[in-house]
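This report refers to the structure that appears directly beneath it.
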Amino acid sequence: MAHNKSKIPRATLKRLPLYYRFVNTLKSKGIDRVNSKAISEALNIESATIRRDFSYFGELGKKGYGYNIDSLLEFFKTALSDSDNIHIALVGVGNLGRALLTYNFSIHDEMTITEAFDIDEQIVGTEIGDVSVHHMNDLKKVLNAQNINVVILTTPEEAAQRVANQLVEADIQGILNFTPARIEVPNTVQVHHIDLGIELQSLLFFMKNYSN
């Protein structure tokens, strides 16, 4: 199914994993079709928004029938590159880094953190959650050898930009940034910022102003 992702709103693209997870859940329950109303009620997203999101990708469903679960799953796997095993590296094995290594996408069979990096000599050479921890000096060599192009960044804030520069030199294409720093990278590298403090403040704001 041909579509130009450059013309699709970022908000739509960010909702695709939510749809995928929900449809996967329906599949595991033996459900073979779903309509936008059911998706709306489960994910708290307006039906009109769901239909508009899906319309960017062509005819995913039929009026009066809804969406076939198997067809949706096949589409989402292709759109999200989830039909392939994706190897990910993590840089910064502090408390958050250790937690992510232990979790290691346990509900996503296709995504796995396979390599970790740090500068602490007491950590380097050990394994955490079955993931080997390498020294930062070996970053580019290991990433290139393992053909890894996605990295989770959990370093201290002051080290984030320096490490980001190293990741760019290693031809990384995507960075999930858990540090408070707003790192600068070329347009060829996608960065998603996850600031837990901001997310919590946002939650508290909505609780205060929008709760019944």
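Backbone N, Cα and C define each Cβ position, glycine as well.
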Under Swiss-Prot, which of the candidate ranges 18-57, 98-137 is annotated DNA-binding region?
18-57
Restricting to the chain of Gly97 (NAD(+) binding site) and a gap of 6 or more, list residues whose Cβ falls under 8 Å of its Cβ, or answer none.
Leu90, Val91, Ala116, Asp118, Ile152, Thr154
For the recorded NAD(+) site formed by Gly92, Val93, Gly94, Asn95, Leu96, Gly97, which further same-chain residues have Cβ atoms within 8 Å of the site's Cβ center?
Arg98, Ala99, Leu100, Asp118, Thr154, Thr155
With Cβ-Cβ distance below 8 Å and at least 6 positions apart along the chain, what are the contacts of Gly94 (NAD(+) binding site)? List them in sequence order.
Thr154, Thr155, Pro156
At a 10 Å cut-off from the C-beta of Val93 (NAD(+) binding site), count the other C-beta atoms across all protein chains.
23
